[in-house]
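The following features are taken from TrEMBL:
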ACT_SITE  Tyr154  active site, proton acceptor
BINDING   10-38, Asp64, Lys158  NADP(+) binding site
BINDING   Ser141  substrate binding site
Amino acid sequence: MGTRRVLVTGCSSGIGLAVAARLAKDELGRFKVIATMRDLEKRGALEKAAGDSLKTNLEIKQLDARCEVSIRECVNSLPDRRVDILVSNAGVGMIGPLECQTIAAMKELFDTNFFGLARLVKEVLPDMKRRQSGHIVVMSSVMGIQGLLFNDVYSASKFAVEGFCESLAVQAMKFNIKTTLVEPGPVVTEFERKVYEDAEKMDLSGTDEETAKIFREVYLPYSKKIFTSLGQTPEEVAEQTVKVITAEEPPLRHQTNRLYMPMTALKHADPTGRLPLDTFYKMIFKHDSVFSATLGVLRMVQRRVGKR
């Protein structure tokens with residue numbers, strides 16, 4: 001197999017940047033990376049991370065996943081419009097009480113997180129079908145498997161992504177096209193930092209006092225503990241993404257964080273849904289000391305795994 005062209009979206013920072021740089025620096029030179037971003041003025045960090053590969057294996061282009069014309073222009077600029085691997089990564093976050101979110105903001109989030117993916121796939125899928133080859137890699141989230149407190153709208157967008165890909169994957173197989181959902185847990189990025197920074201200043205006047213208190217005094221501290229104990233770096237997620245891209249038989253789903261797997265396994269353990277609901281409720285509201293101790297143990301495991 002020769003050099004494969006990879007189109008990656010959302011490359012100005014975080015996971016997208018790490019994936020693009022990692023693929024471009026592949027020791028075997030297996031990839032030609034088209035790293036895209038909405039605003040090319042934010043290309044500096046990627047250029048720095050790419051280093052010498054910028055001259056040989058990586059090209060930076062403008063692409064706005066919210067705009068069909070922008071996507072088409074980018075794909076049309078490629079020789080033969082060939083995209084061997086699509087890595088759909090562009091996304092936005094939203095946390096907080098539902099009553100404090102506007103419908104307009106929810107639609108905006110879906111426009112990037114779900115419809116952005118749909119636009120990209122719609123553009124590259126016909127060419128992949130004609131060539132009878134391709135790999136669609138989608139940056140999903142464990143929150144596309146398991147909903148989480150105060151992440152109602154973000155989780156909904158990732159559930160939509162998961163259903164879309166699971167359905168499409170069956171048809172894609174007929175044309176020898178692979179589909180993979182990469183499902184990170186907590187990842188320490190500028191994207192996440194900004195989401196939580198905005199949350200701390202959020203106007204909670206649209207909800208009741210008890211809900212506001214739960215958000216500020218329970219959820220935000222709880223989230224910080226999770227990120228400190230279980231958070232991965234974008235580079236770690238990028239390494240996992242490369243593994244699924246280079247796999248002989250790529251999986252439909254791949255969770256990047258083994259330490260988070262017990263959380264998502266709860267959902268499959270009880271078809272009624274009671275087990276994960278009760279577990280998360282007790283962890284958050286009744287057994288904070290047990291929760292903190294569990295995270296402490298997981299933190300030690302994470303350090304030991306990292307030293308290997």
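Placed from the backbone N, Cα and C atoms, the Cβ positions cover glycine too.
Automatic, uncurated: that is what TrEMBL annotation is.
Note that the structure is predicted; figures quoted are calculated from it, not measured.
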Around the Cβ of the residue listed as 'active site, proton acceptor', the count of other Cβ atoms that are within 10 Å: 24
Gly10 (NADP(+) binding site) versus Ser141 (substrate binding site) - Cα distance in angstrom: 15
Rounded distance in angstrom between the Cα atoms of Tyr154 (active site, proton acceptor) and Gly14 (NADP(+) binding site): 18
Spatial neighbours, same chain, of Gly14 (NADP(+) binding site) - Cβ under 8 Å, 6+ residues apart: Val187, Thr189, Glu190, Phe191, Pro234
Chain-internal residues, separated by at least six, CB under 8 A from Ile34 (NADP(+) binding site): Arg5, Val6, Leu7, Val8, Glu59, Lys61, Cys74, Leu78, Val83
Candidates Arg22, Arg30, Arg38: member of the binding-site residues with the richest Cβ shell (10 Å): Arg22
